[in-house]
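Pasting a structure below so you can have a look.
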Amino acid sequence: MSRHFRTHTTSRLTFPSSSGGLAITRLPFSSTSSKLLLQQLSSTSPAAAATAVTITTSSPARNLQRARASAAEQGMEEHGKAAVGWAARDDSGVLSPYNFSRRAQKDDDVTIKVLYCGICHTDLHVVKNDWGNAMYPVVPGHEIVGVVTGVGAGVTKFKAGDTVGVGFFVGSCRTCDSCGKGYENYCPTMVITSNGKDYGGAATQGGFSDAIVVNEHYVLRVPAGLPLDGAAPLLCAGVTVYSPMVIHGLNAPGKHVGVVGLGGLGHVAVKFAKAFGMRVTVISTSPGKRREALEHLGADEFLVSRDAGQMAAAAGTMDGILNTVSAWHPVAPLFALMKPMAQMVFVGAPTRPLELPAYAIVPGGKGITGNCVGGIRDCQAMLDFAGEHGITAEVEVIKMDYVNTAMERLEKNDVRYRFVIDVAGSSLGGSGDDKI
């Protein structure tokens with residue numbers, strides 16, 4: 001958008017309009033200072049200049065005062081609330097204090113003070129630009145729990161003081177087939193919470209920050225009684241395993257589900273499956289996780305995938321498998337564990353291509369599918385179910401100044417099972433030197 005305007009002998013002022021065209025307004029300039037003020041406004045805020053040109057010039061001093069007030073109001077509309085978070089500036093992934101502005105609260109927006117934010121493996125990939133799409137500076141975080149501090153005039157679902165959550169995305173078109181079916185998570189123009197672009201083209205910044213402004217449609221109610229630190233990872237990890245279990249019928253009492261991997265996703269999957277009343281077998285390459293799976297998480301069986309005897313004994317017994325592992329691993333042998341027509345759902349995303357010969361799935365009519373988080377309807381249902389059954393993630397709570405160490409540990413899988421940042425209890429710092 002151009003930031004220049006021209007004055008003509010007819011005292012007409014031309015400046016860029018918010019819609020991309022040219023807006024022309026008559027302004028009888030009777031004061032040189034008014035001209036200078038408008039020039040200054042136009043160089044910093046065309047929209048503020050547009051407002052200022054409607055002021056008459058019968059009283060230059062009053063005009064200047066009103067124009068400055070209009071500029072201040074316009075600045076609030078354009079830049080919103082000052083915020084501070086921790087951002088990565090390059091692919092070193094190192095996070096440090098970062099000052100920026102949240103958008104101004106609109107009629108259908110909810111303003112949230114961030115209390116806790118989980119750290120997801122996706123955050124690690126983003127800050128290190130592992131996927132080549134990082135938009136630095138980037139404030140990570142999409143497992144957000146907080147308290148409502150303000151609502152727009154049109155908000156009907158929330159009020160100040162409500163405990164709420166925000167997950168992986170904060171926008172969708174709400175007109176496509178996926179949105180119509182309640183799967184906003186598959187909307188082709190979905191706006192992700194961090195390292196995305198909103199519909200106005202601005203970069204989205206996540207929950208490693210003190211506050212966030214979100215359209216009420218994408219805000220979730222956190223049930224009373226759930227520990228907020230343990231609830232935060234449910235906004236991503238929880239719905240990522242809950243949603244496909246419901247979609248594929250792996251939520252029926254008495255059915256047998258296999259859970260591959262016992263990490264951040266896997267341990268939550270075991271909790272949900274047991275709450276559904278299912279028979280649960282944890283499948284792992286690590287025999288040392290047996291006790292954790294059986295005694296602490298309540299799984300019914302533990303299967304070492306490298307043990308041919310154990311694999312043979314369990315062949316054809318499972319109604320479905322939820323594969324939560326994000327590292328490459330042999331998958332063909334796992335299909336032998338499933339009954340005919342059963343599905344293996346991938347919620348982890350190894351970067352190396354899977355090796356899957358057709359004979360692993362064709363003879364039994366077995367299927368392979370994937371899942372990415374869940375829609376708003378499923379996410380709220382997941383939180384409500386978690387509240388009823390007391391399900392939370394197993395977490396290690398940290399302060400923000402430990403976040404870089406936590407990222408290093410996460411890269412080594414040195415966490416049981418999720419890191420959660422106590423944002424409200426941290427000193428976020430911030431110098432004001434890098435506002436956007």
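Each Cβ is built from the backbone N, Cα and C atoms, and glycine gets one as well.
This is the feature table in Swiss-Prot:
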type	residues	note
BINDING	C120, H142, E143, C236	Zn(2+) 1 binding site
BINDING	T122, T240, 261-266, 284-289, T324, G348, 371-373	NADP(+) binding site
BINDING	C173, C176, C179, C187	Zn(2+) 2 binding site
Just counting, how many other CB atoms are there within 10 A of the CB of V373 (NADP(+) binding site)?
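Other Cβ atoms within 10 Å of V373 (NADP(+) binding site): 26.
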Considering only the binding-site residues C120, E143, C173, C179, C187, C236, which fall within 10 Å of V373 (NADP(+) binding site) when distances are taken between Cα atoms?
C236
Looking at the binding-site residues T122, T285, which sits with the largest number of other Cβ atoms within 10 Å of its Cβ?
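Counting every other Cβ within 10 Å of each candidate, the maximum falls on T122.
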With the Zn(2+) 1 site defined by C120, H142, E143, C236, which remaining residues of that chain have Cβ atoms positioned within 8 Å of the Cβ centroid?
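In sequence order, the nearby non-listed residues are C117, G118, I119, T122, D123, G141, I144, G167, F168, T193, A232, P233, L235, A237.
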Work through the binding-site residues one by one (C173, C176, L262, T285, G288) and name whichever has its CA nearest to the CA of C120 (Zn(2+) 1 binding site).
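The smallest Cα gap between C120 (Zn(2+) 1 binding site) and any of the binding-site residues is with L262.
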Using the centroid of the Cβ atoms of C173, C176, C179, C187 as reference, list every other same-chain residue with Cβ within 8 Å of it (recorded Zn(2+) 2 site), in sequence order.
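My list of surrounding residues reads S172, R174, T175, D177, S178, G180, E184, P188, T189, M190.
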Rounded to an integer, what is the Cα-Cα distance in Å between C179 (Zn(2+) 2 binding site) and C236 (Zn(2+) 1 binding site)?
18
Fill in the CA-CA distance, H142 (Zn(2+) 1 binding site) to T285 (NADP(+) binding site), as an integer in Å.
30
